[in-house]
Amino acid sequence: MLHRDDHINPPRPRGLDVPCARLRATNPLRALARCVQAGKPGTSSGHRSVPHTADLRIEAWAPTRDGCIRQAVLGTVESFLDLESAHAVHTRLRRLTADRDDDLLVAVLEEVIYLLDTVGETPVDLRLRDVDGGVDVTFATTDASTLVQVGAVPKAVSLNELRFSQGRHGWRCAVTLDV
């Protein structure tokens with residue numbers, strides 16, 4: 001149960017290594033419920049932040065490769081922007097090529113940073129589709145300046161300790177972002 005002053009230091013949901021960025025949202029009770037679901041181990045898909053020196057580390061999981069990449073993107077964006085009231089106003093299509101799945105994860109996250117830096121937009125959702133010679137990524141974006149900033153904005157994707165693999169419970173990834 002959240003108490004009156006818990007919005008200042010909200011309780012840490014079970015299953016999360018660090019408090020979810022969404023806990024700083026305007027409605028702490030709803031944010032807490034969404035955060036627990038996003039980071040609850042055993043759910044079919046989700047994401048969470050984990051402690052990592054001065055950088056941002058995101059873990060994500062889903063039944064499919066594309067779902068795992070989607071969760072990694074949402075985890076990244078939610079680490080620095082409150083998406084609770086966000087809705088898509090633009091669609092951006094990018095064709096990306098990668099030799100391996102972890103290269104694709106890096107390429108998608110680099111595109112997220114590029115969109116933010118060049119046009120000031122951030123994804124609120126995305127869809128991936130395999131095509132001849134690559135992957136089409138459709139980003140549903142919104143103007144980042146209309147959202148509340150809740151953390152440091154990532155500047156680059158680090159290749160250090162990058163993990164992306166399929167196991168018997170689906171796909172998992174862990175990626176570090178320089179902030």
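Each Cβ is built from the backbone N, Cα and C atoms, and glycine gets one as well.
According to Swiss-Prot, the feature Ca(2+) binding site maps to D55, D178, V179. Remark: V179 (Ca(2+) binding site) has A54, D55, L56, G151, A152, V153, P154, K155 as non-local neighbours, by Cβ distance under 8 Å and separation of at least 6 in sequence.
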Worksheet, complete the sentence: Sequence-ordered list of residues in the chain of D178 (Ca(2+) binding site) that lie 6 or more positions away and have a Cβ within less than 8 Å of its Cβ, or none, is D55, L56, P154, K155, A156, V157, S158
Discussion item. Helix, strand or coil for D55 (Ca(2+) binding site)? Use DSSP.
Written reply: coil
Worksheet item: Looking only at Cβ atoms, how many others are within 10 Å of the one on D55 (Ca(2+) binding site)?
Response: 16
Worksheet item: Three-state secondary structure of D178 (Ca(2+) binding site) from DSSP?
Response: strand
